[in-house]
Structures are given as C-alpha cells and as structure tokens.
Amino acid sequence: MTVVVETIAALRAQVRTWRAEGLKVALVPTMGALHDGHVSLMRAALERADRCVVSIFVNPRQFAPTEDLDKYPRQLALDLDRLEKAGVHLAFTPGVDEVYPQGFATSISVGGPSAGLETDFRPAFFDGVATVVGKLFIQSEPDLAVFGEKDYQQLCVVKKLCRDLDLPVEVLGSPTIRDAEGLAMSSRNAYLSAEELEIARQLNKLLRKAASQLQSGADEQATMAAARMAILDAGFDVVDYVEARESVTLAPWQKDRNGRVLVAARLGKTRLIDNVEIAAS
Ligand code: PAF
C-alpha cells in the first residue's frame, strides 16, 4: 500500500526509519500527471532500492509568469492509483506552503550544464528546479534519485548540483519512454490536438536523422540548419533550439566525444523537448 504524507516531518521520519533498518531508499521527484514515462522511473528505482518514494509537487518556482502553472494538469487521485499499482511505498504530496513557507528567500543556482539551451528561453527554470530538487533531497535523504533522460539538461544540472554541493545522493538517468511512433512521453502531450500529435511524432525521427548524420561525420552547422528547417517543414511553429552538445558537461560537442542532439520546438500552445544520443565515432 502506498502511504501518503504531506509534511516534511512525516516524510523524514519514515525514510529515517527505513534507513535505520538498513533499507536503501530511492526518490522519484515528479510534478504529477503521471504517465508511463514516470512509471519507468519508479521501476528503475524499485530495481535498485528497497523502498521507493515519489514526490508529487507542481513547483511554482520553475514556471515563468507567462507559463502554464495554472493550467498544468493536476490529477492526484489518478496519480495515487498509479503509484499503488507500481508498488511505490510512499507518496510525498506537500502543499506550496510546506515547501515554500512564508518568507522563503533562498535560491540554488547551478552553473555549468545549465548554460544555454533551456536557459536561453526559460531563464529562471533551472534555479527553480535546483532549488526544489535540493530541498527534496535534504527533506527525504534518499540514497538515490531517478530522473528521466527526456529532460536531459535537467538531469545534467541535477548531477552537477549533487557534485558541487556534496549531496550524498546517487543520481540515475533513465531512458526516455516513447509511444509506438517514437514521441517522448510528456505530461504536456495532453495539450496536443489530434493534428498536432501527428506533427509532434515527427520530432524524434528528425532528431535521430540528424544524430546519425553527425555520427557519420556530416558538417555540424549544416546538419543543425537542415534539422531546424525539417522541423519547421514538418509543421512546428518555432524551433527554440536544436543543438549538438557534449553529453556530460553540455559544452559544444566535439566529434570524438559522446554527445546529444537536443531540441525544443513549439507547436500551437505546446512546447516540446527531446534529445537523442550521438555515439562517439
Ligand atoms: O521533471 C520534473 O517533473 C520537475 O522538473 C521536477 C524534477 C520534479 C522538479 O520539479
């Protein structure tokens, strides 16, 4: 049975009890609206730990005033049902005041991999993510935490957060879960109309093509320009970025290194992100 707690004190008491019993604890931080991608993170957590905690908290600090905080899908009853079926031991579902009490005035800003890409379009995003993830790690004291590779820059930022602040949490990236057409699972896919969904499904195919061209030695600038055009031709309205980066530091990609092609593109009111691997040649 999934135990549901809303306070940091109850969360900490339960995790400390487990750890005192010698059990290994994993955390999967989420904003709810759970889909198969999230369930795969829980599975990865349960394979490596004795107890799995899932946090469900729509973090206001990572939304800009123009973004979809109010509209972000909230479905706690359905989510708790999913956690139960996935065998999750504890759900942490704090209110905003529990996480950010009156007078809260601290922010964590991670350098390195947060530069560029998402930050060029959502300047406060990673400060919001790092602040809440840092708090969740301190609140729950997990041995390990699992994040999806779909939010690849976020995964790199969280790893850097732990390294730089000596947080004793092993951060594990889990592969992106895709539908039969390759569209990466995302809570925001719920915003897409049937027509937009067909367009969205082109994104991963175009990314894979670009990554394979880079792997075969194609010119990076020309490949990225062609990928941008192809994404627009597929029906996307705006390409925020499509770039090749080194896979750990997210510095510009060097041909002999493992890399990622990362994209953010807008379709109607929905902004989609995705990434694929470039294997070192
Ligand atoms: O990826 C998400 O859902 C969020 O950014 C996270 C990591 C739960 C922090 O709010």
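Glycine is no exception: its Cβ is also placed from the backbone N, Cα and C atoms.
Every protein chain considered, the tally of other Cβ atoms within 10 Å of the Cβ of Leu34 (ATP binding site) stands at 24. The feature ATP binding site is assigned by TrEMBL to 31-38, 148-151, Ile177, 185-188.
Marked as active site, proton donor by TrEMBL: His38. Reduced to three states, the DSSP call for His38 (active site, proton donor) is helix.
The Cβ of Gln62 ((R)-pantoate binding site) has Ala124, Phe125, Phe126, Gly128, Val129, Val132 as same-chain neighbours under 8 Å, each 6 or more residues away in sequence. According to TrEMBL, the (R)-pantoate binding site annotation covers Gln62, Gln154.
What TrEMBL lists as beta-alanine binding site is Gln62.
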Nonlocal neighbours by CB distance (under 8 Å) for Ile177 (ATP binding site), same chain, sequence gap 6 or more:
His35, Asp36, Gly37, Ser40, Gly148, Lys150, Ala184, Met185
Packing count at Gly37 (ATP binding site) (other Cβ atoms within 10 Å of its Cβ):
21
Around ligand 1, within a Cβ distance of under 6 Å, which of the recorded positions Met31, Leu34, Gly37, His38, Ile177, Ser187 show up?
Met31
Sorted by position, what residues of the same chain at least six away from Ser187 (ATP binding site) have a C-beta under 8 A from it?
Met31, Gly32, Ala33, Leu34, His35, Tyr72, Pro73
